[in-house]
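Asker: Could you have a look at this structure, given as structure tokens, before my questions?
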Protein chains: 2
Amino acid sequence: MAATAVGPGRSTSSYSEVQHNRLIVSLPLPSVLKKPFSVIDGPPSSAAGNPGEIAKLFPNLFGQPSVSLLPGHTSGAALDHTLKIGVVLSGGQAPGGHNVISGIFDYLQEKTKNSTLYGFKGGPAGIMNCKYVELTTDFVYPYRNQGGFDMICSGRDKIESDEQFNQAAETAKKLDLDGIVVIGGDDSNTNACLLAENFRGKGLKTRVIGCPKTIDGDLKSKEVPTSFGFDTACKIYAEMIGNVMIDARSTGKYYHFVRLMGRAASHITLECALQTHPNITIIGEEVAAQKQTLKSVTDYIVGVICKRAKLGYNYGVILIPEGLIDFIPEVQQLIAELNEILAHDVIDEAGSWKKKLRSQSHDLFELLPQAIQEQLLLERDPHGNVQVAKIETEKMLIQMVEAELESKRKEGSYTEQFKGQSHFFGYEGRCGLPSNFDSNYCYALGYGAGALLQSGKTGLISSVGNLKAPVEDWTVGGTALTSLMDVERRHGKFKPVIKKAMVELAGAPFKKFASLREEWALKNRYFSPGPLQFVGPTSNETNHTLMLELGAKA
Amino acid sequence: MAATAVGPGRSTSSYSEVQHNRLIVSLPLPSVLKKPFSVIDGPPSSAAGNPGEIAKLFPNLFGQPSVSLLPGHTSGAALDHTLKIGVVLSGGQAPGGHNVISGIFDYLQEKTKNSTLYGFKGGPAGIMNCKYVELTTDFVYPYRNQGGFDMICSGRDKIESDEQFNQAAETAKKLDLDGIVVIGGDDSNTNACLLAENFRGKGLKTRVIGCPKTIDGDLKSKEVPTSFGFDTACKIYAEMIGNVMIDARSTGKYYHFVRLMGRAASHITLECALQTHPNITIIGEEVAAQKQTLKSVTDYIVGVICKRAKLGYNYGVILIPEGLIDFIPEVQQLIAELNEILAHDVIDEAGSWKKKLRSQSHDLFELLPQAIQEQLLLERDPHGNVQVAKIETEKMLIQMVEAELESKRKEGSYTEQFKGQSHFFGYEGRCGLPSNFDSNYCYALGYGAGALLQSGKTGLISSVGNLKAPVEDWTVGGTALTSLMDVERRHGKFKPVIKKAMVELAGAPFKKFASLREEWALKNRYFSPGPLQFVGPTSNETNHTLMLELGAKA
């Protein structure tokens with residue numbers, strides 16, 4: 001199949017001033033990338049867990065070293081000829097994706113001759129169907145420092161069956177590809193490694209390099225300190241939370257319940273809390289560790305509301321991670337039982353079906369607001385399962401808090417008015433203009449990925465480190481993807497996975513939050529960052545989570 | 001009652017860099033305010049409608065001239081002595097309110113000696129209860145160019161009964177007030193005028209001056225070209241709409257339905273459309289003028305979606321004004337009937353109560369998604385009425401569009417996937433950092449209000465004009481509030497009202513939108529302004545609505 005048009009691409013003639021200004025900002029590179037460098041192998045690597053199983057799953061790649069770029073002339077191993085490289089965006093958008101592509105493109109332009117960069121359209125399906133666009137200077141330029149993934153678009157397909165691997169191999173051969181860069185999250189990078197392994201096993205010359213992307217911030221390790229997009233998304237959410245805080249303080253009558261994107265891990269919620277100092281923040285990982293119930297979460301919120309009422313504050317801001325209910329064991333149990341009942345029984349109006357619920361699940365179901373009960377029973381996915389993702393957790397909590405405060409009112413222990421306002425901040429954050437940090441980080445990731453490919457490496461994830469330092473001192477290298485892997489047993493088989501990095505309750509970001517939350521709860525320490533700015537002293541600062549993880553002083 | 005603490009006020013030590021940077025930005029004044037000026041009366045005024053009734057309602061104020069500030073020495077009428085002034089914020093927050101207060105404060109500091117400015121706490125109730133704080137340089141300074149109303153907070157109480165007027169008069173006498181500035185929307189300015197009339201009638205020396213505030217943009221006239229806050233709120237919403245547009249284009253699979261704050265008029269929705277070029281924009285005033293039904297609005301959206309599907313676009317962005325259903329006559333009729341039925345009848349499960357609905361209302365009720373039906377029946381306000389404001393119009397429309405597309409799918413005329421994503425952009429916009437325009441406009445409004453009070457005027461609304469020009473050429477004056485008024489008959493009595501300025505279908509902003517919307521519908525002309533910036537060439541530009549109304553070339 002020939003190159004497919006992706007439409008004319010963006011035209012800068014429809015750009016706003018801010019977009020124009022971002023376009024012409026030059027992108028600094030780590031100094032190691034600006035002069036001749038060598039790609040130096042580290043020691044042999046192992047796996048994050050179950051190395052024996054990982055070795056079996058990746059016979060060609062397991063144990064290969066991670067690499068660092070160090071100053072000095074490139075060693076002989078490099079591919080000196082013209083390169084043909086493909087790039088693909090996989091999964092949800094994250095600010096900075098376009099800069100990764102720009103980085104790869106510029107690397108090829110500057111360090112190789114007559115090389116070609118193909119952009120696979122619409123995610124991994126584009127590889128399998130050989131749908132691509134040849135990226136040219138004019139085509140790529142308008143996307144520099146711009147948000148979104150629309151240069152080549154993304155998709156959620158996976159290359160995992162033998163047939164799919166063969167399709168991908170066909171494309172690699174047809175386009176004579178020296179390499180593919182997969183920009184994606186934990187799943188996509190696992191798939192990138194499987195593709196690298198498969199191509200190597202087939203004796204193809206095509207190498208595969210990954211890049212860490214996800215606004216959720218849950219793809220990270222010692223070698224890959226952060227995934228791109230997290231920084232920008234949190235800053236956009238923090239702007240809005242900061243505004244809502246000023247609203248809360250000005251009206252003096254609303255509790256704003258803000259649900260934040262991030263289903264698996266609560267990094268976004270934690271980072272936004274560190275940026276804005278809300279009165280209450282629920283961290284899913286803590287809820288799970290303490291085996292909290294929906295009732296205990298509600299009671300915690302109600303407790304703070306009552307204490308604030310005594311201080312004369314009948315307003316506040318509460319942050320809730322999108323994935324909260326996935327962290328509550330009793331809710332998981334209820335949903336499992338509901339799925340079973342819904343599959344086999346009739347839901348009668350009289351409610352006799354409820355007798356099939358275990359006692360704890362029955363109590364929980366009765367505790368839920370009516371609207372949520374109905375949602376659980378009525379809205380199901382194509383497999384007939386309850387759609388947990390559709391539950392608007394913030395609204396559910398508002399209703400549960402309302403009910404609890406109402407019963408306190410009857411006891412006489414709460415006498416104020418409670419008004420909850422719900423918010424969901426999600427889509428507006430994942431396609432914003434990338435922050436200075438994400439712009440620079442992504443450009444270095446892409447440029448570094450180009451260097452890894454030219455040096456003949458495969459099965460690595462582009463790794464840029466020393467992020468506490470100025471950009472010129474950042475380190476560049478590649479981490480063996482197998483070294484990040486463990487296995488999970490699914491359907492009786494071991495599947496390789498890059499474990500999601502969850503919020504560590506012993507980690508510096510959570511500990512800082514935990515040390516301050518009582519003060520934030522009762523005293524109003526609201527912090528309003530304002531809209532993302534691209535100039536000024538702090539515009540180059542990154543996020544609290546990363547800095548604290550890197551050992552910055554609080 | 002003595003001055004009440006409003007807490008310590010804000011401390012800049014908890015300010016973000018952006019807040020700090022805004023704080024130290026100097027505020028330019030129109031040149032007429034920088035040199036000696038005279039306050040010159042215009043011709044006698046009339047009323048916007050029913051001048052006879054307005055004359056009866058405002059015997060002391062009706063017919064008084066509007067005034068202009070012109071260069072030259074102040075005439076003898078000015079109050080040369082020390083002034084005691086009160087200021088109050090009334091109604092919902094709007095970015096810039098703090099700058100109005102800063103403007104009044106600076107006027108008193110710079111043009112009068114030893115004057116005092118009291119801030120009434122929590123809105124008009126603060127006047128009635130004599131709850132205030134004395135505003136000092138240190139107290140006021142941290143709020144310059146900052147969002148929110150938390151300097152003195154706001155409230156929605158009204159001063160309207162004889163007793164309430166007497167309470168207000170008591171406060172005016174107790175504090176020996178020369179004047180009060182009421183910062184508010186159409187209702188609050190109507191009340192300001194009634195207070196001015198009442199004080200004049202009682203022979204009090206206390207003058208009352210209004211200032212035009214509302215993010216909704218529906219308080220405006222020839223003399224008062226815009227209300228403050230509209231500019232900033234629209235820019236904040238436009239940032240997020242622009243991000244969501246990039247998301248739509250990147251994923252290629254979502255229709256984002258964005259509901260925007262603004263219950264009465266659709267100015268915000270229209271302005272955001274002009275700023276971002278969405279595929280579909282619903283303007284309430286047009287829906288009303290064309291006597292559209294919910295079905296015809298749905299059909300319009302479905303029509304565009306189907307046309308876009310044929311072009312290969314299965315995504316888009318749709319803007320909806322918060323107040324949409326208030327504009328649809330059949331919905332109003334249904335709600336009136338429901339309120340009647342709910343007050344007197346039992347809602348039986350079998351649905352026989354529905355027979356009491358008129359045929360058109362019955363059909364409409366059956367057309368509504370189940371969740372909306374339930375919301376209409378279950379959620380009522382303290383008076384037992386259906387809570388129209390709680391209906392999430394964007395979700396209702398998604399469900400109606402889904403149902404209609406499903407029936408088209410059965411006919412075979414639509415074969416794509418439709419995924420709607422709902423958004424409500426509201427609270428995060430009304431407390432943001434004021435844009436350069438709102439910062440400057442508000443400061444001039446406040447400074448001008450100080451001048452009007454010193455010249456002994458009452459019953460005027462501070463009016464700053466010539467806004468197309470640079471700040472130094474802006475005009476300053478006061479418009480007779482009675483000249484903006486008409487009457488409405490309520491409970492058999494004439495009530496004075498400043499009519500809300502609705503979107504004019506013959507006005508330049510709507511006409512520009514109407515001339516472009518077909519292109520925006522099918523071609524993707526998305527425009528992403530990015531986050532509000534405070535430096536750069538266009539950071540001083542105001543909004544499209546105002547510029548078009550002032551006759552700027554498109």
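Cβ atoms here come from the backbone N, Cα and C positions, even for glycine.
TrEMBL: automatically predicted annotations, no manual curation.
Keep in mind that what you see is a predicted model, and the values were worked out from it rather than measured.
Straight from TrEMBL, here's the annotation block:
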DOMAIN    B:84-397  domain 'Phosphofructokinase'
BINDING   B:GLY92  diphosphate binding site
BINDING   B:ASP186  Mg(2+) binding site
SITE      B:LYS213  site 'Important for catalytic activity'
BINDING   B:THR214, B:ILE215, B:ASP216, B:LYS253, B:TYR254, B:MET261, B:GLY262, B:ARG263, B:GLU322, B:TYR427, B:GLU428, B:GLY429, B:ARG430  substrate binding site
ACT_SITE  B:ASP216  active site, proton acceptor
Asker: Would you kindly determine which binding-site residues in the set B:ASP186, B:THR214, B:ARG430 have their Cβ under 8 angstroms from any Cβ of chain A, listing them in sequence order or replying 'none'?
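Answerer: Out of B:ASP186, B:THR214, B:ARG430, B:ARG430 lie under 8 Å of chain A.
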Asker: Test of understanding: give the count of other CB atoms lying within 10 angstroms of the CB of B:ASP186 (Mg(2+) binding site).
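Answerer: Taking every protein chain into account, the count is 24.
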Asker: Are any of B:GLY92, B:TYR254, B:GLY262, B:GLU322, B:GLU428, B:ARG430 (the binding-site residues) within 10 Å of the residue listed as 'Mg(2+) binding site' when you go C-alpha to C-alpha, and if so which?
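Answerer: Qualifying among B:GLY92, B:TYR254, B:GLY262, B:GLU322, B:GLU428, B:ARG430: none.
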Asker: Using Cβ-Cβ distances, find the residues under 8 Å from B:ASP216 (substrate binding site) that belong to the same chain and are at least 6 apart in sequence, listing them in sequence order.
Answerer: B:GLY185, B:SER227, B:PHE230, B:MET261, B:GLY262, B:ARG263, B:ALA264, B:ALA265, B:HIS267, B:ILE268
Asker: Would you find the one among the recorded positions B:LYS213, B:ARG430 whose Cβ has the most company, meaning other Cβ atoms within 10 Å?
Answerer: B:LYS213
Asker: Sort the binding-site residues B:GLY92, B:TYR254, B:GLU428, B:ARG430 by C-alpha distance from B:LYS213 (site 'Important for catalytic activity') and give me just the closest.
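Answerer: Given the candidates B:GLY92, B:TYR254, B:GLU428, B:ARG430, the nearest one is B:GLY92.
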Asker: If one looks at the chain holding B:TYR254 (substrate binding site), which residues at least 6 apart in sequence have a CB under 8 angstroms from its CB?
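Answerer: Non-local contacts for B:TYR254 (substrate binding site): B:ASP247, B:ALA248, B:TYR315, B:LYS419, B:GLY420, B:GLN421.
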Asker: Let me make sure I understand the structure: which of the binding-site residues listed (B:GLY92, B:THR214, B:GLU428) has the fewest other Cβ atoms within 10 A of its Cβ?
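Answerer: The binding-site residues B:GLY92, B:THR214, B:GLU428 were compared, and B:GLY92 has the fewest Cβ atoms within 10 Å.
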Asker: For B:GLU322 (substrate binding site), which residues in the same chain are close in space, meaning a Cβ under 8 Å from its Cβ, but six or more apart along the sequence?
Answerer: B:ARG259, B:LEU260, B:MET261, B:GLY262, B:ARG263, B:THR393, B:PHE424, B:GLY426
Asker: What whole-number value in Å do you get for the largest C-alpha pair distance within B:THR214, B:ILE215, B:ASP216, B:LYS253, B:TYR254, B:MET261, B:GLY262, B:ARG263, B:GLU322, B:TYR427, B:GLU428, B:GLY429, B:ARG430, the residues recorded as binding substrate?
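Answerer: Farthest-apart Cα atoms in B:THR214, B:ILE215, B:ASP216, B:LYS253, B:TYR254, B:MET261, B:GLY262, B:ARG263, B:GLU322, B:TYR427, B:GLU428, B:GLY429, B:ARG430 are separated by 36 Å.
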Asker: From the Cα of the residue listed as 'diphosphate binding site' across to the Cα of B:GLU428 (substrate binding site), what is the distance in angstrom?
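Answerer: Cα-Cα distance, B:GLU428 (substrate binding site) to the residue listed as 'diphosphate binding site': 13 Å.
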Asker: Suppose we draw a 10 Å sphere around the Cβ of B:GLY262 (substrate binding site). How many other Cβ atoms does it contain, all chains included?
Answerer: 27
Asker: Take the C-alpha atoms of B:ARG430 (substrate binding site) and B:GLY92 (diphosphate binding site) and report the distance between them in angstrom, rounded.
Answerer: 8
Asker: Could you state the whole-number distance in Å separating the C-alpha atoms of the residue listed as 'diphosphate binding site' and B:THR214 (substrate binding site)?
Answerer: 7
Asker: Taking the domain 'Phosphofructokinase' (B:84-397) alone, what is its mean pLDDT?
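Answerer: Summing pLDDT over the domain 'Phosphofructokinase' (B:84-397) and dividing by its length gives 94.
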